[in-house]
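J.: Positions annotated as repeat 'ANK' by TrEMBL: 136-169, 343-366, 378-410, 444-468, 506-528, 542-563, 684-706.
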């Protein structure tokens, strides 16, 4: 027994007895309530005082919804108890819970007229709270109407001047709330005396009649029908939910019977949002008598499906957990338990996702083959779905029924891969009981360790690594990897442990992924779990080490963690000098991504690496210019003295790259450093102006022509000019500038007889082609074939 139970009943002697049995009154239940909150509802002032003094319970401690003991006192309507909290315990009357309710919301909801009058009399400074709104814009008057207390409603309107026309965020009025209470006299007063709209609709088309049907108040529906000639039969909200839908969902059988028998409401009417019938709503609410009644009607379509193809079996398994309803529908109406909706779900899948063990047992006993029924879209079995939704009790039951614990979905992921995505309790159960292979791989060759890193599940990664046996070498690791497809061999192998350095199809280990995703804590954890530094030198299929990926992510702390772990060893040097398949070191990677802080950190450790080249002969300055990071460029030139005129194997300089990438400001910065060769040519004889023109870089073209000794008519080794480049780019603006403003040669041809017309045609810019024809009389050469 929990101490809260006797506290709720106000039984101090039992509370005192239980505390002597080491049951703490300070313990909280699932809702975060202590014995003090329960005692506040019990109206036992003495019990509250005793709990406060003897058990040191905090009167300012809120439950999981932010509801304080003073709110529970207001809910109980005990003025003496409230004063105890205010005067003795210094609790504020203006505090609200997480829904924005203050003491007047709680007391109004319960209809405590005397309590509210007393508070407003003794604490007039708090009267303004009666006009305050909660998170959904409910004022206490709305809740008073919901209580059905006419005296309280009249007091709030007439004496406190509460706004009788106030609406909540849904646009519900006081009339709707009064209908919830079932007090027809109050409804009539609000309409007749205070002139409120009897048929006001909220944003969703919900009216006072829906409120009445939900709460089963047929007398209000009858009054509306007589007084306002409302068409009860066809009265719907914006999504065509009828009054019968409302009554069925809330289990109001008598009201539903009247709606069907007296008003001829259509039992098979469907909503426009989900295609739900009245029977679907009854099953969703789990109301056995309502379901039995509806299915007894000859006109009721028991086999009806919602807009996503769900039958009433699907709805029952997903929402209601009602075994009597499920059995009734299957045994008396022969509905198919294996029917799959449009989302690929059978009833058992929904039951497993919601943890409805009693329904699952019935389905499997009724249809044993459903134990392995795969999901229609992703192929998950009931077992895998239970794992995905962390339904441990369902998992235990399915295993007891000998389900296939090695089943995988359409991506090759089994229970262990699915559970690492946030279901630690399930993962522990599966691995600790040897129900799954901790090194299983999916279709991407990823292990649970990969999945844990990808899902950013640190605690799960910790657990998996606690089960690891670090490898001594990459060769041993790869030898072990061949065992992964055979769980039997792994479990009978002395190395039956989580393998740390398995590579996926892209060659990435879990450490690669952690570096790529900037997960420094995970990186440190993986490094500690390995007794060898070899894992740091494992390369993926692009030739990248984990450090390459850490640097590419721009996360300096991760790079530091990697290098710190091998400081003073040969691995430290090997990491800094390692190249990927393109010949790039981590220095090149930092520059090509523009991460100046990472580059500065690396260059301080190993400055001699700033002069390295990649496989194409490009240096760090090429990479920085290509990226366009002025900070890295400045550092490379001013601190490390790199030459912007340095050429790669094709003779391309940084200036060519900048011209192509529209970075005038960087080109301007480099001006003082290129005096010796202001117009460099690559091995094809092309200048930066060629590159700028071919890239349709108008601002760069103007800058180069106005600043350096170059013209658009300057040819490369094949006679290709910048005018040809502008035509090839399809740039109408540049071509007009060259030919009209600068009077460039419109008849220029390359050494292989290709004209401006040829390159303009290649660009597919028809406007440019017509311009060349009409303005300069150009036409295609018959012997030159477009390539």
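Cβ from N, Cα, C; glycine included.
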J.: Please work out the helix, strand and coil residue numbers for the repeat 'ANK' (684-706) from the DSSP assignment.
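T.: Secondary-structure breakdown of the repeat 'ANK' (684-706): 16 helix, 0 strand, 7 coil.
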J.: Please indicate, using numbers and ranges, the residues of the same chain that are 6 or more beyond the repeat 'ANK' (542-563) and have a C-beta under 8 Å from a C-beta there.
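T.: 506-509, 511-512, 514-520, 523-524, 527, 535-536, 572, 575-576, 578-582, 584, 586, 589-590, 593, 595, 597-598, 601-602, 605.
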J.: Taking residues 6+ outside the repeat 'ANK' (343-366), which of them lie with a CB under 8 Å of any CB in it?
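T.: Same-chain residues near the repeat 'ANK' (343-366) but 6 or more away: 308-311, 313-314, 316-319, 321, 323, 326-327, 330, 337, 373, 375-378, 380, 382-383, 385-386, 388-389, 391, 393-394, 397-398, 401.
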J.: Cβ under 8 Å to the repeat 'ANK' (684-706), counting only same-chain residues 6 or more beyond its ends: which ones?
T.: 650-651, 655-664, 667-668, 712, 714-718, 720-723, 725-726, 728-731, 733-734, 737, 742
J.: For the repeat 'ANK' (343-366), what are the DSSP-based totals of helix, strand and coil residues?
T.: 18 helix, 0 strand, 6 coil
